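Here is what Swiss-Prot says about this protein:
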| type | residues | note |
| --- | --- | --- |
| BINDING | GLY10, LEU11, GLU12, GLY13, ALA14, GLY15, LYS16, THR17 | ATP binding site |
Amino acid sequence: MRSKYIVIEGLEGAGKTTARNVVVETLEQLGIRDMVFTREPGGTQLAEKLRSLVLDIKSVGDEVITDKAEVLMFYAARVQLVETVIKPALANGTWVIGDRHDLSTQAYQGGGRGIDQHMLATLRDAVLGGVRPDLTLYLDVTPEVGLKRARARGELDRIEQESFDFFNRTRARYLELAAQDKSIHTIDATQPLEAVMDAIRTTVTNWVKELDA
């Protein structure tokens, strides 16, 4: 079976780390063991430095990161990851399991920040080319639920400190994009943990079986 790219998406506190573990466990049970794991922003030395710049509220002192500068920083990190990790892995027959990818930018910057969607799509197509996830699991939670979980983990980063209105706009854009793309599967992540895990297992298992059909 040709290698695939699976991405896990969602608001802060949606449970992406747990979801990744379930995806890996499910794939292994299906006989798929050659995998690499990525996170965005990050995943390479350069991308991790960009991650610190864009997420650490103290990284640039009192200087405000403009919305468009933020977009370009995310894309710089993403391109580095795609070119140096994701593309080589897929070409080598290795499956890639990602914590976030371009859907995050379309939702957070396009929805939350209100940046022109055409500009974001044009930038995506120009710098990422044909690299797209084969399957995206969008873990849907309300900002109230997600941020409560995130705050329980400790100090919030620059994005996590945004307003509920910002996250409501981000969630709305996520749902809008998920409704338009059959490769994006929405999981109700407000359910009890075991129910969420079962939904992920079922989705991944059925999807892989369809690949074999």
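Including glycine, each Cβ sits where the backbone N, Cα and C put it.
DSSP classifies GLY10 (ATP binding site) as strand under the three-state reduction. Counting every protein chain shown, the number of other Cβ atoms lying within 10 Å of the Cβ of LEU11 (ATP binding site) is 28.
The number of other CB atoms found within 10 A of the CB of GLU12 (ATP binding site), across every protein chain shown, is 21. DSSP gives THR17 (ATP binding site) a helix state. For LYS16 (ATP binding site), other Cβ atoms within 10 Å of its Cβ number 21. Apart from GLY10, LEU11, GLU12, GLY13, ALA14, GLY15, LYS16, THR17, the residues listed for ATP, the same chain places the Cβ atoms of ALA19, LEU139, VAL141, GLY146, ARG149, ALA150, ALA189 within 8 Å of the centroid of those Cβ atoms.
Taking a C-beta cut-off of under 8 angstroms and a sequence separation of 6 or more, THR17 (ATP binding site) has the following same-chain neighbours: ASP99.
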